[in-house]
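Quick look at what TrEMBL annotates:
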| type | residues | note |
| --- | --- | --- |
| DOMAIN | 18-169 | domain 'DDH' |
| DOMAIN | 240-328 | domain 'DHHA1' |
Ligand code: 5GP
Ligand code: MN
C-alpha cells in the first residue's frame with residue numbers, strides 16, 4: 001500500500017463508522033476468510049460492521065468464526081440494501097470488478113459510501129477511493145494481514161482473526177503449494193499459528209468433511225475426464241442430471257478441476273458444470289507455467305482471474321459450450337503443444 005492510501009484508510013476509519021464488507025459471488029475460502037477477518041478486526045475498533053455475501057457459500061466453510069452473522073444477499077435483499085445505502089465505508093474483497101458481486105452490483109454502484117478494494121486479481125477496476133491491489137499476492141487473506149499491519153493495528157490480531165486469515169491463505173495457495181506462496185507467506189502463517197490458528201483443525205474442517213455425495217461426484221468427474229494429448233489439455237464435464245443424482249450442494253465440485261491438471265503432461269485443465277437454474281455453464285480453468293487462463297477466460301468465457309487459475313461462464317448449452325471450447329483450443333497450439 002502507498003503511504004497516501006494508508007493515510008486515507010486511517011482517516012476514513014478514525015471514528016466509528018458504518019461498514020459493509022462484500023466478498024465475490026460464489027465465495028471461496030479466501031473470500032470468506034479475508035472478509036470475516038476484516039469484520040472481526042473492525043468490530044474490535046468499534047465500527048458497526050455488516051458482512052454481506054452475494055450468495056451462499058459452501059458447507060466446508062460453515063465452521064468459521066462468526067460466519068453465522070453473514071447476511072446472504074440473495075436471501076435478504078431488502079435488509080442488505082438498507083445496510084449498503086446507509087454505509088459510510090464499503091470494503092470489497094477478493095474481486096476486481098463490481099460485476100463479480102452478482103445481483104449486488106446495481107445497489108453497490110449507487111452507494112454513496114467510500115469504497116476500499118483489497119484484491120489480488122488481474123486488471124482491477126477503478127471504483128474505489130483506495131485500491132489495494134497486488135497480483136503477486138497468493139491470497140486476499142495475506143493482503144488483509146498486511147493491510148492490518150500497514151494501518152497499525154497488528155496488536156489487535158487474535159486467534160479468531162488468525163483462524164480466518166489462515167483459512168484464506170491455505171485454500172488459495174492449494175495448501176501452500178502454488179507459485180504465489182512465498183517465504184513471506186510462510187512467515188505470516190507462522191505468526192498466525194502463534195496467534196492461535198489451529199492449523200491441523202483448519203485443514204480437517206475444510207478438507208476432511210466431504211459428504212458421500214461429493215465423493216461419488218468426484219468419482220464421476222474423474223470418469224468423465226477427457227484428454228486432448230496433442231494440446232496437453234484435460235477437461236471434465238458435469239451435467240445437471242449428474243449433479244442432481246449425487247445430491248449436489250454448493251462447493252461440492254471445488255478442487256475437481258485440479259485433478260485434470262494433475263495428469264502427467266497436462267498444462268491446461270478445465271471443468272464445465274451445468275447450472276440449469278441460472279441457465280449458464282460455470283467454468284473453471286487451471287494451467288501450469290506461462291499459459292494465461294486469465295486471458296483465455298476473459299477473451300472467450302466472460303471471466304478472468306489469475307494467470308494459472310481463472311473462471312468464467314457460458315450462456316450456450318452445455319454441448320455448445322464444449323464444442324466452442326474444443327474449436328478454440330487449436331488457436332493456442334503454439335502455447336499448448338509441446
Ligand atoms: P474458481 O475456478 O476456483 O471458481 O476460480 C478461480 C479464480 O478465478 C478465482 O480467483 C476466482 O475469483 C476467479 N473467477 C472465478 N470465476 C470467475 C468469473 O466468472 N469471472 C472472473 N472475472 N473471475 C472469476
Ligand atoms: Mn483469492
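In case you wondered, yes, glycine gets a Cβ from its N, Cα and C as well.
Automated prediction, rather than curation, is the source of TrEMBL annotations.
Break the domain 'DHHA1' (240-328) down by DSSP state and the numbers are 32 helix, 24 strand, 33 coil.
Confidence over the domain 'DHHA1' (240-328), given as mean pLDDT on the 0 to 100 scale, stands at 97.
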